[in-house]
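Working notes, structure below.
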Amino acid sequence: MLAVYQTRFLEAALAADALKFGEFTLKSGRHSPYFFNAAAFCNGKLLSVMTEAYAAVIAELHETCAIDVLFGPAYKGIPLVAGIAQALFHRYDINLAWAFNRKETKTHGEGGNIVGASVAGKKVLLVDDVLTAGTAVRQSLALLAQEQAMPVGLVIALDRQEKVGDSNLSALKQFSVENQLQTRAIITLDDLMTFVKESGKPAVLEKMQAYRKIYGISEAD
């Protein structure tokens, strides 16, 4: 059964065309029966729904994992961390700092690679929309190491739960294992399939089941 924030998130994603069902060719070359584009959450109402969903996940994680700063990789992570920080404070009375990186180092003014809160010596939670190759997130980890920060985890919007290479690990699980970090997602492929089933879309569900049989991890993590 989906949580209320998950249902609201998926309903908003459908309404915004952030979530589409059909035939899509991914960057990996795989032919997927669904497509997710977080950039379509591009107005105040949609951003609010998305950041409140992130906040729900992070508030639960915060109960067992100390977090000082939310970090959003530029550019997509910038509005996310700002909105999530607000949602955490208003909904859960959790007051976290937030920061993001510059794409290019600034040599004048305040300078540096980081904008926002200082991350030095802080427990930092990374936030991004999806994790595929993970290039931006890994670059962020390298930058945070230079800044003497202490990364504690990563939260994304969608975990596709697809195998990476010859392993039976998803991209998110592989990232967790490689970096010894906590990882969470608002929605997993399992959650999405539950939503599709409850929405009365048997044809779509059948295609998703077939897709997962080929590319999905054996068990949900």
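Each Cβ is built from the backbone N, Cα and C atoms, and glycine gets one as well.
A 10 Å cutoff on Cβ-Cβ distances gives K76 (5-phospho-alpha-D-ribose 1-diphosphate binding site) a total of 16 other Cβ atoms nearby, all chains included. What Swiss-Prot records for K27, 75-76, 102-103, K106, H108, 128-136 is 5-phospho-alpha-D-ribose 1-diphosphate binding site, and it gives sequence analysis as the kind of evidence.
With a cut-off of 8 Å between CB atoms and residues at least 6 apart in sequence, the same chain places K27, S28, A171 near T132 (orotate binding site), listed in sequence order. In the three-state DSSP scheme, T132 (orotate binding site) falls into the coil class. What Swiss-Prot lists as orotate binding site is F35, F36, T132, R160.
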Quiz prompt | binding-site residues (K27, K103, R160), the one with most neighbouring Cβ atoms at 10 Å | solution = R160
Quiz item: Relative to the mean position of the Cβ atoms of F35, F36, T132, R160, the recorded orotate site, which additional same-chain residues have Cβ within 8 Å?
Solution: L26, S32, Y34, V130, L158
